[in-house]
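> The following feature annotations were taken from Swiss-Prot:
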- 101, 166, 181, 182, 192: alpha-D-glucose 1-phosphate binding site (BINDING)
């Protein structure tokens, strides 16, 4: 029996991320590069470390190899513990064969034995594909104070975007009275962030109940939460007011990177009190040539800049040759940009080679974002 834990986190990291197109052709969405030196999953894992959550199960499925290698034993996030720490939980084979995760609830259900060994009081369920900084310990305090069965973190979204999210309708005490999955005509703009705290006994009971239902899609939002409400359980909404971004599309991923370049951004990567940790390769210092120009940009180690870079994010090992211009763009690790190239409002994938004289920018709608990546 493992040492008892007050709270165990379960991080859902098996998503395909098909809306990110070629960026996730051979890569799980949580492993997609972000912010010049990070992966998307770094934010959730760093939140766990900074919040004092010491036991994290990471549930993987789609294209897991690079993600598994990246996570390792969790030492980058100080989660390499003798008791607890990080455990990667892919689908596994039973006597009846391999059982793939069929939904978010299915993924947790198939790992109830992992949770049981810690006898937790609470289980924190997280998504590995959002960009945000959050103190989960404050949410846990709120959950305990409200004597909730389940607490769900919510954020106000613009009304014209509310139909894209799972929406929580609450009373004045922030108790959830109704959950609507992507409603056509929303009555609230409180969107679920996909962050849940369950009392362990409640989670176990309702996941087992859901698994016995042949008509269930085994999803928290579509099946488990509505069932809890129908049976009169106490679900509380926990309001979050910081930066949070669902980077599930090419444009939203680009927007989140551009947010880092604002003079005043609520996503401060220089916050020494809430560091974002990552696994970084050893690279030499960046080199910026005499005639190069760099403005309002994040330039990581190992970059060689001989052209112009303006309001852009460049990951490690990127080369920008003489006469080239990179504007309002994200260039992922190891990309090589030749001479006299123009790149504007684009994401250039890892290890891409852009030939001399190439022009890359939106052709029809100036508000679009161009993706240049393998398989595109």
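Using N, Cα and C of the backbone, Cβ positions are placed for all residues, glycine too.
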> How many other Cβ atoms are found within 10 Å of the Cβ atom of residue 101 (alpha-D-glucose 1-phosphate binding site), counting all protein chains shown?
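Taking every protein chain into account, the count is 22.
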> List, in sequence order, the same-chain residues at least six positions removed whose CB sits under 8 Å from that of residue 182 (alpha-D-glucose 1-phosphate binding site)?
163, 164, 165, 166, 167
> Tell me the Cβ neighbour count for residue 181 (alpha-D-glucose 1-phosphate binding site), meaning other Cβ atoms within 10 Å of its Cβ, over all protein chains shown.
14
> DSSP secondary structure for residue 192 (alpha-D-glucose 1-phosphate binding site), reduced to helix/strand/coil, please.
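In three-state terms, residue 192 (alpha-D-glucose 1-phosphate binding site) counts as strand.
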